[in-house]
Amino acid sequence: MGKNQRNTSKGRGRSRRKLIVEFDEKKRREFLTGFRKRKLQRKERAKEEIEQKLKLEKKQLKEDIRNNITKQFKKSFQTIPELEEQEEADEEEYETEDVTVKITELSTYDLAQENNWVGQNRPKCDEKAEVKEESEESDKEEIPGMSVNSQKSKESSASSTSKGQTPLEALKSKKELNRMVQDHTMKFLKKSKAFKMKNQLQRSKNRKKARREKNQKMKLLKKQSKKTGGKGKNSKNK
């Protein structure tokens, strides 16, 4: 009897925690739809990161290309050391007992540079007149039904651009330079990982959109077919 009394006293002394279960519809929905929300958030973050990477890469490429172009310009206007040595060698000094004579060879270029003159006279030929004469001759020799003018015009334009004029020399304004830099940056950007990832995301988005539109069209067609089928049956019954 004594043992049983002790056990009962111990059981009465313990306090058990009560658990209350409450059913909340809002929290349940948040929990169930949380997976999709988090997935969408991850996608948005990844998209933002890719766009930031692209911006940084584009900025860096633009700066690099601009620096390279400026370096090429500077190199093209640099003086050649061999020519400078030749110019220095043209000067000769003769020393006698009382007098020192210095002989220098002057060129028209040096005189023009010092006195702001026009420079050496050179014959100027009209390319337009030559092109017109060539076109007239070709028109005379042309066989009916077989025109060769388009090919000749293309060849003449290509030869005029490649007559010793490099793309750097062809630049005339800041706008052209910016356009050239933009073209080069786009060429390099197409090879980058960020650009490829962005294209992949865009393609997948377009595919999903196309599927949705296709499904919607199919549903509409089914509804229309059902309506037309139902009307036909009713008319037959009548």
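Glycine is treated like the rest: Cβ placed from N, Cα and C.
Here TrEMBL flags 36-71 as coiled coil.
Look at TrEMBL and you will find 80-238 tagged as region 'Disordered'.
According to TrEMBL, the compositional bias 'Acidic residues' annotation covers 82-98.
Annotation comment: TrEMBL describes 123-132 (among others) as compositional bias 'Basic and acidic residues'.
Look at TrEMBL and you will find 147-163 tagged as compositional bias 'Low complexity'.
Look at TrEMBL and you will find 171-186 (among others) tagged as compositional bias 'Basic and acidic residues'.
Beyond the ends of the compositional bias 'Basic residues' (187-196), by six or more residues, the same chain brings 50, 53-54, 57-58, 61, 65 to within a C-beta distance below 8 angstroms of the stretch. Positions annotated as compositional bias 'Basic residues' by TrEMBL: 187-196 (among others).
Per TrEMBL, compositional bias 'Basic residues' is recorded for 204-238 (among others).
Residue counts for the compositional bias 'Basic residues' (187-196) by DSSP state, with H, G and I taken as helix and E and B as strand, are 7 helix, 0 strand, 3 coil.
Cβ atoms under 8 Å from those of the coiled coil (36-71) belong to residues 168, 177, 180-182, 184-185, 188-189, 192, 194-195, 197-198, 201 of the same chain, restricted to positions at least 6 beyond its ends.
Note on the coiled coil (36-71): its mean pLDDT in the predicted model is 84.
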